[in-house]
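Trainee: This is the structure, below, for whatever I ask next.
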Amino acid sequence: MDALRDEEDAAAPLVAAPVASRRSPAADAHILSAAFLFVFSAYGAAQNLESTVNTKGDLGTVSLGILYTSFTLFSVVASPVVTRLGPKRALVVGSSGYVLFILANIVPTWYTMVPASLYLGFCASIIWVGQGTYLTSAALGHARDNNLPEGRTLGNFTGEFWGIMASTQAIGNLLSLALLRNGKDGGSVTGKNLLFVVFLGCMIVGIVLMCLLSKREEKGHNDSLHSSFGAMLKYIVAPLKDRRMLLIIPLMVYTGLQHAFVWAVFTKSIVTPVLGISGVGGAMAIYGAAGAVVVCIGYWIFDLWTLFSYTNSVNGSYCPGCSPILVASFLQSNGWSTWRSGSATHRRVMGCG
């Protein structure tokens, strides 16, 4: 025995190898926000140009209609897909649809734009559910690691993400303004293609950042959750039985109508006749900058709201789910997709069971 122990001692290193430390949840939240900044700065600006650049047969407007119809339909089954893929893989796979959409705009025909729009609808559904799941997991992990209130930590992470997302309209449209400034017609076909190539480069940077994210799986989830169609259908329909969800449906409808007006009618029928295609970027950059300011103001109002009005008198924890400001900010920024993430912990923190 002594000889065996001596051999083990000789084989053991004098200094233990350092254990690879996992990236902090806060760092992952920063990387996720930066990735979406690159992807959606490009996509948002491209979307604003659809109705003015692809005008033949209203190809751009029809493509957006197909895209968001597809988005709506695929959102019904997005949560089970993200559960099986995992949030990180869902983010990477989802971003591929945005790349394909930009590529289709370089050669815009019915045979390229329609399939790309359909596929992007599917990808958009899973990338937003994946985003909500990943960001929530990171926020709750950070709260546990640092003994912080879960509700407030989730609010801080969400505020950072959507504050950065609000700036994508300004950044992307400034690129559009810079590359399409040659006259009211928006410049040559070469200039437009150059713009979409730049957008493509931005998206590739965003995808690379997503690949650098730590793998975060939701505890308590398993594939048996949606093992049958009936179980999956019950899981999908369950939120619709919540009265609070039904009450915010009108706000969802309003948000959709408002976005449709801004992305299609405002750019095509109001901005373009006055400023030309090259002016769309400038007008929408101002729109995006104003949105970013309002998001920041709204976040601080919400923070004060929860601090003074919704503090739990027993344990001092926060209940952000009680605040209509948070609900409105989620909806206005497409954040309502996080409700489909399938995170039981998220629903508990948000006060939904």
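From the backbone N, Cα and C atoms, a Cβ is placed for every residue, glycine too.
TrEMBL does not curate its annotations; it predicts them automatically.
Taken from TrEMBL, the feature transmembrane segment covers 29-46, 66-83, 90-111, 117-140, 161-181, 193-213, 245-266, 278-302.
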Trainee: Determine which residues of the chain contact the transmembrane segment (90-111) at the Cβ level, with the cut-off under 8 Å and only residues 6 or more beyond its ends counted.
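Mentor: For the transmembrane segment (90-111), the list is 32, 35, 39, 42-43, 46, 50, 53-54, 57, 59-60, 67, 81-82, 117, 119-131, 133-134, 193, 196-197, 199-200, 203-204, 206-207, 210-211, 213.
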Trainee: Quick one: find which recorded stretch in 29-46, 161-181, 193-213, 245-266 has the most Cβ pairs under 8 Å with the transmembrane segment (117-140).
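Mentor: The stretch I would name here is 29-46.
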Trainee: Under 8 Å, at least 3 Cβ pairs, sequence separation 6 or more: does that hold for the transmembrane segment (29-46) versus the transmembrane segment (193-213)?
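Mentor: They are in contact.
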Trainee: Select the range from 193-213, 245-266, 278-302 that forms the most Cβ-Cβ pairs under 8 Å with the transmembrane segment (161-181).
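Mentor: Highest pair count goes to 278-302.
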